[in-house]
Every structure is written in C-alpha cells, then in structure tokens.
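> Starting off with a structure, shown below.
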Amino acid sequence: MAARWRPAVGTLASFAALIAVGTVVLWLPVSAAREPLAFVDALFLATSAVCVTGLTPIDPGRDLSPLGQGFLLLLIQLGGLGYMTVAAFVAVALRRRLSAEQRAIVGLLHGDWWDARQIVRHVIGFTFLAEALGALALFIALDRYELPWTTQLWFSVFHSVSAFCNAGLDVFGAVGAERGWGGSLQPFARDPLVLLPIAALIGAGGLGFLVVAEIADRVRQRRFRWSVHLRVVVTVNAILWCGGALLLWLFEASNLATLGQQPLPVQILNAFFHAVAARTAGFAAVPIGEMTATSLWLLCLLMFIGASPGGTGGGIKTTTAAVLAAAAWAGAVGYDQVVLFRRSVPNEQLAKALALTLLAAHTVGGTTLLLCLTEQALLQSNTPYTFLDLLFEAVSAFGTVGLSTGVTPALSGWGKLLLVATMFVGRIGLLTVIVAVAGRPTRTVRFAREEVLIG
C-alpha cells in the first residue's frame, strides 16, 4: 500500500501547492489590470489554470495585467505538464538520478510503460516542439488582423500553450472589447487558419504523450505494428471527433444563433472544431449558451469521456470508454471475455474502468446536486440559467474542459468552491485522490462466490 500511496500523495500535494502559490500571486494587486481579484476568483482561476480546465469567473484578457497574464501562462504550462514532470526534467538535465518517488509520480501522470527518464524527455521535447510550431502557425494566421506585432506574438504564444495544454483560457478580452469581438474564439469562427492549428494542438495534447512517443518510436525503428493501447486511442478519438462533428452539425445547422447563418464549409469547420474542443479544451468559436439542449447533452457526453491517458485533458479517458463498450458488447452477445483488437482485457482493468466511471458519474451528479442547492437564488431569479447549465458546468469542470454556457461568473462563492474541488479531482484523477486520502489496503480474505440476478 505504501508504494502506491506515497506517489499518489506526492501528486496531490504538488498540484495543491502550485494552486496555492498561483492563488496568492493572482490575488496580488500587481496581477490585476484594474481592481484586485476577489480571493475566491483568484483561487478559481489558479485552479482552472493548473488543472488546465478553462472555466473562469473573470475575463483574463481584460482583468489581468501583463504580469498576471504571464503568470497565468506559467500556471497553465506547469499544470499541463505536471509540476513533478518539470522537476524531474530539471533533475535529468542536471544529470541527477531521479528518486523512486519522482519516477512513480511521473508514471502516475503520464503512464508507466517506459523508463521515467525516457518519458520526461519525450514529454518535454514534444511539448515545446508542438507549442513552438503552433505559435508560429498562429502568428502567421493573426497577421491579417492588424495587431501590434508584440500583441500578435503574445497572443500566438499564449494560445498555443493554452491549446496544447488543453486549458482553453484566452486573453483576447481587452483587444476584443476595443474591436467589438465576441468571447473566446468567436472572432475567428470563419478563419480555418486559426481554428485548425488550435484544433491540432488540442488533439495532440489530448492524445497522450505516450501515444505520440510510441508513434515516433515505431516510425524511427520502421516497426508499424501498433500496440493495442495505441489502436484503441486512435480509433476512439477518430470516432468521437468525426461522429461528434457530424452530430453537432445536424443539431446546429438550423440554429441561427450558432451555425445556421454560416455557409456550409464554415458550418463543417465549426462542428469539427467543437467536437475536438469539447473533449478537452474550453475554446469556443460560437456562443455555447445559444446551442440547442440536444447539442449541450452531446457536449456533456464528449466532455465526460475526455482525453486519453497521459494527455493533458481530463474525463474518464478514451480507453475507459472503449473497455466499457467492449464489455457491454461481450455481455450482450454472451462472450466470456472482453476483447479489444483480438486481445482480451484483464478483469482487473475492467473492474478499474467500471469503478472509475461510476465514481465519475457520482462526482458529476453530486456536484450538480450541490450546485442546485447553492444556486437556488440564481435558478429562481429572472435569468436564463437552468438545471442543464449547472450540469453542463459540473461536467466541464470534472472533465477539465472549460466550455461554459456563461453561468460561471454568476455563481455564488460556494458554487465556485464546488467547481474548484471538482476541477482538482478531475485533473488529479479520482483513483489517485482516493488512494492518497484513504490508502490502498490489500484484502487477504477471499469470500465464497454466489451469483446475483442482473437486469
């Protein structure tokens, strides 16, 4: 138990410490463009950045000073990589040996298939390469918007990092207010040169570092037989991206407030972009609050599934969804084992996937229920917000996505604290939190088996 408990506690403590430092710095007057942030808003924003969620009670582009925005970007980068991953990289760069706990924490964050040093090198190298290429693409794309070159460069770097780390936070606010732009990426809804690089960054960050590393390793060694994990991740992502885009287009094509007034190519572009963003990042090129209820439920499903293991996003993960789908199929047709790509899934992994999904559903349900209690005045007042808005926000927080119907700034202090806790649990992982808090006792007693009726 201790071997598993210590890295779990280390992971939880490192993220909590980073959030605490971020809260204090964002709370300082020097981080604010105008009035200092309220403490609960500073805590919320720091948690959202470190947990790479994207929900925010303020407009970072208008309410934060350049120093505050720079520190926010640092929190996003450290949160996306994992603070202990950065610490391990420093140790590797200085040619120091990684401690056993460091190796365990890196494995817990990014997967434990390979040596921790190799994971760290792949993670850091791929991250900075992807972010640099993304920043270059965005810098070129933003050239047509006649921004000062310093602003253009800052926007390119910030949003490249925010996209790859799946944070979804933006700093267009001040410029957007001057030019009458909408929120998030709405000014670029018709611009594929902006949306496609950001979608590519979101996808690369959400796939998982080990997936990209395995692909690179296979290509380098000219071995093109993929592991089952790689096949599952690529297949499920392709289904969710393409299937989600098709359904979103069908649900929103006649909605004049979102896609209805756009030409067909722009409709397809935006449907695909939001199918990608809904899985892990909170960027939005159309007003989410104006979407149909059917689309919001679809986005909830995509956000709940989330990214892939080892990636920068949250959710129950694509592999969990695949295992559960395979288990459902096996149970329906009477197979005695769960099979993925001609490989059987161990019962331990099936039990873990089921436990994770049930715990996640209970977390989202519990958060939504508590939000209904804390936000009774909001729901009963003359506002457009409903139960679905609170559910959407809870799923977005747990999946560390950041898409919002706009209700976050209107939440009470208790409501914001609920989402802070949900974002933290969603980023660290439910099983990690449970192991860290309760430990992992080993059961030594085996009980007699007896069947129960199902269905």
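Using the three backbone atoms N, Cα and C, a Cβ is placed for every residue, glycine included.
Residues annotated as transmembrane segment in TrEMBL: 12-30, 37-58, 70-94, 123-142, 194-216, 228-251, 296-316, 322-341, 353-379, 417-439.
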> Count, for each of 12-30, 37-58, 123-142, 228-251, 322-341, the Cβ pairs lying under 8 Å from the transmembrane segment (296-316), and report the range with the highest count.
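The stretch with the most close Cβ contacts to the transmembrane segment (296-316) is 228-251.
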> Using Cβ atoms and a strict cutoff of less than 8 Å, what residues sit near the transmembrane segment (12-30) while being 6 or more residues removed from its termini?
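Those are 36-37, 39, 42-43, 45-47, 49-51, 64-65, 67-68, 71-72, 75, 78-79, 82-84, 105, 424, 427-428, 432-433, 436, in sequence order.
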> Is the transmembrane segment (123-142) packed against any residues at least 6 beyond its ends, judged by a Cβ distance under 8 Å, and which are they?
80-81, 85-86, 89, 110, 152-153, 155-157, 159-161, 163-164, 191, 193-194, 197-198, 200-201, 204-205, 209, 212-213
